[in-house]
Amino acid sequence: MTLAETFNTENHGNPLITLNYEPALESLGNDYYDEVTAAEFPQLTLRWRNDAILPRLGLNPQIVTDEDFITAFGLFQGRKPLLALRYHGYQFGEYNPNLGDGRGFLYGQVRGTDGELYDFGTKGSGRTPYSRGGDGMLTLKGGVREVLAAEALHQLGVRTSRCLTMIETGLGLWRGDEPSPTRSSVMVRMNKSHIRFGTFERLHYFQRSDLIKKLLDHVIEHYYRHLAHESDKYALFYAELVKRVAELVAQWMAAGFCHAVLNTDNMSITGESFDYGPYAFIPTYNPYFTAAYFDYYGRYCYIQQPSICQWNLEMLQVPLRAVIDKADMEAGLAKFSEYCHAEYNSLMLKKLGFEELKTPEAEELLSLTLKFLQESQVGYHQFFYEMARTFSIKWRDEPGLVLSGSDIVPPSGTDANFDNWCVLYHKILNNFDYEQVKIIAQNLTHYNPKTSLLRPTIEEAWEPIVQEDNWQPFYDLVKSIQSRG
């Protein structure tokens, strides 16, 4: 009996297969993709299903079975064509024309209950014409890490993809940077679009300005619909993309998130965060923290992320000049820093409890906060969580009480900065009445959840899987993230 025969293959009963899929990208023609076949796997075990996002697809989680997930996204029955998307990209600043979906494909596109178009994109589903000698597979740990990153960022308010499901596939993989053989998985990502900056860069490489315009019209039609009937829709599209990307990177920075691989092929044309590889959340405020061991010169370190995203947007201008006036794009890009700075300041103030502050106070508080965090190397997440945990309305009346019951212990030599910060925070609180201070307390709790996704936390969830096939710590961690515990 084959693996497929052990599962119910009556596709008409599988709500994941009978969704109303739209051939939006497929209708563009095969200049943008290759039709591929999914790999066959020796053993399929459902390890994760994201019931939280099924209602957005119009599905009741109670009627979608584990078997439905395996049949749809492990056996890949009932969906054709499967599309490996073509793209190029700047990787660590160097143009690479040998890219494309090398271990995944576009499974399908479906309209959500919100009227938006969503992609189901696989990772680890087998070789494609763009695998470049790779096996087309995803390690189980890679799948686990992407699930955790997406859920954590979503709860922190970052515009991000989500993981719909993760299935263990029974293959042993050999990887130079992991103990091998290591276990394997297929992960299905749900996001607005898998069209990347590098999708346009590839078309420019082949001098296909006609295909650039066709793709740009498609992007505006489906993802910037409010611009579709504007006379200057192309320039407005680029200006809005700049704003989306600037706000996205500000969201990363406030969350203490380091993406690690900000190549142009990892930049979404919708301004979403996706494709999580060797990412990390900063343990302490070190501006030059670098997440990827192979980023030898720190190109994608934490503090460089805004400038790198701005550079990526500048590189995108090259293919888009086939449609959009260069001066219009430069005018749009000129606002990047303004957008990023405004979003970052707003988010950081919220982490400190404030919806808004007068500019001088806001800048002084943010500057002093980052100065203390950098000099003291107190945990980045710990600092804000301890504010939320120990906040008292009495902080308004007495500066000596600010953070007095917390676990924040400033190292020797940083006491003065800490004291200055406490005095300033008290001074600002004193401008608010008691009812407003209660709202500040609520903001602190909302924007600073207890659970953080530092690397040791991920390892604590992963090691029981490796040692005992015990998934409970992983499930507990996901539950804690989703509940903002």
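Glycine too: its Cβ is placed from the backbone N, Cα and C atoms.
Pulled from Swiss-Prot:
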type: ACT_SITE; residues: D265; note: active site, proton acceptor
type: BINDING; residues: G100, G102, R103, K123, D135, G136, R189, R196, D275; note: ATP binding site
type: BINDING; residues: N266, D275; note: Mg(2+) binding site
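Swiss-Prot feature annotations superimposed on the structure.
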{"residue": "G100", "record": "ATP binding site", "Cβ contacts under 8 Å, 6 or more apart": "D34, A84, L85, R86, Y87, T128, P129, Y130"}
{"residue": "R103", "record": "ATP binding site", "Cβ contacts under 8 Å, 6 or more apart": "K123, G124, S125, G126, R127, T128, S131, G134, D135, G136, M137, L138"}
{"residue": "R189", "record": "ATP binding site", "Cβ contacts under 8 Å, 6 or more apart": "D119, F120, G121, T122, K123, E146, A150, S161, R162, C163, L164, F274, D275"}
{"residue": "D265", "record": "active site, proton acceptor", "Cβ contacts under 8 Å, 6 or more apart": "Y87, H88, G89, Y90, Q91, N96, L99, R196, F197, G198"}
{"residue": "N266", "record": "Mg(2+) binding site", "Cβ contacts under 8 Å, 6 or more apart": "G89, R196, H259, F274, D275"}
Binding-site residues listed as D135, D275, least Cβ neighbours within 10 Å: D135
Three-state secondary structure, G100 (ATP binding site) (per DSSP): coil
Binding residues G100, G102, R103, K123, D135, G136, R189, R196, D275 (ATP) - maximum C-alpha distance in whole Å: 23
Assigned element (helix, strand, coil) containing D265 (active site, proton acceptor), judged by DSSP: helix
